[in-house]
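Asker: I have a structure I would like to understand better, so I am pasting it below and will then ask my questions one at a time.
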Amino acid sequence: MPHIARQAFLHGAIAIMPLSLAVAPWGLLAGSMAIEANLSAWQGQGLSAIVFAGAAQLVAIGMLKGGANLASILLTTLLLTSQHLLYGLSMRPVLSSQPLRWRLGLGFLLTDEFFALTSQYDQQQFNRWYALGVGLTFYVAWNLFTLAGILLGQNIPHLDQLGLDFSIVATFVALIAPLVRNLSTVVCVAVSLFCSVLFSHWHWETALVAAGLLGMAAGFICQKFAGARP
Amino acid sequence: MTWILIFAMGAIVFLNRYAFLEPRLPLRLSSNARQFLGFAVPGMLTAICGPIIFMPDHQLNLSLLNPYLLGSLVAIALVLLTRSVLLSMLVSMLIFFFLRSWLA
């Protein structure tokens, strides 16, 4: 690895460090719930290593426990993780011109957190080594915390009733709040928040992505409207 | 069976992530599309948080004494005041766990 690449990789690894630590409770939950649902330790770890999508893993484990069949779990996974299509679309200008192995690698690492940290760069500023540092560090952290959850879950029961899911809220809120600087972002966040709760209350499988899209549309329309009348 | 599920889930999530990174997909983003996608971070991350905050244990909870809500408000205030993501996450988590045991 050349010196400049190593530098960028380290910058990425350092930038994601707070979020990697904050994902600890969520990772503990993913590991311990897998054990509670009678998955083997290897299967619990395999979920984090192969699927690498916290929300989808937790929901799939819950459904397995409830006796759901393969097809319904896969359909739910598809719907629950469809926001990644949006992230891919958004990062298409910088990533689609990369060589295949970079596209495959960074594509695999494209999580909510990865997107939050790397999406603001345009073609000139984007550094794939920085992105790799972000993604790989987060992947390692997620898998280590899952492992800790698997080990702890075998000894401490009911780890899932501790409210560990608040960690994801604390992380995302800390990422979102500084972005809310103008009316259109306020509208986007408000619509998305309201719709996500409403649709979840209605038990829509697509609640999150539908609410997110509506929030984005509301923010976009607001921006267009404000732009037309300076 | 479980391993089949794990690999199939992995394939689905990866396809979702990779689909639009494929250059052979004939698609060019207009400036409107780019502006719209500029709202992806606040829009999607908020949607993920909404149900966790207001529907703990899958039950609607709009009470002002909901520890998830109070914890989130603390996190917002801290990050706006200190500009430190790590500090506000850690402190709001501590306050959340305190409130949760105290209000329960």
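Each residue, glycine too, has its Cβ placed from N, Cα and C.
TrEMBL: automatically predicted annotations, no manual curation.
The annotation transmembrane segment is assigned in TrEMBL to A:12-35, A:41-61, A:68-88, A:100-117, A:129-152, A:158-176, A:183-202, A:208-226.
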Asker: The transmembrane segment (A:12-35) and the transmembrane segment (A:68-88): do they have three or more Cβ pairs under 8 Å, with pairs 6 or more apart in sequence?
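Answerer: The answer is no, given that the two segments have fewer than 3 Cβ pairs within the 8 Å cut-off.
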Asker: Between the stretches A:12-35, A:129-152, A:183-202, A:208-226, which wins on the count of C-beta pairs under 8 angstroms to the transmembrane segment (A:41-61)?
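Answerer: Out of the listed stretches, A:12-35 contacts the transmembrane segment (A:41-61) most.
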Asker: So if I exclude everything within five residues of the ends of the transmembrane segment (A:183-202), which remaining residues of that chain have a CB under 8 angstroms from its CBs? That is, six or more out.
Answerer: 176, 208, 210-212, 214-216, 218-220, 222-223, 226
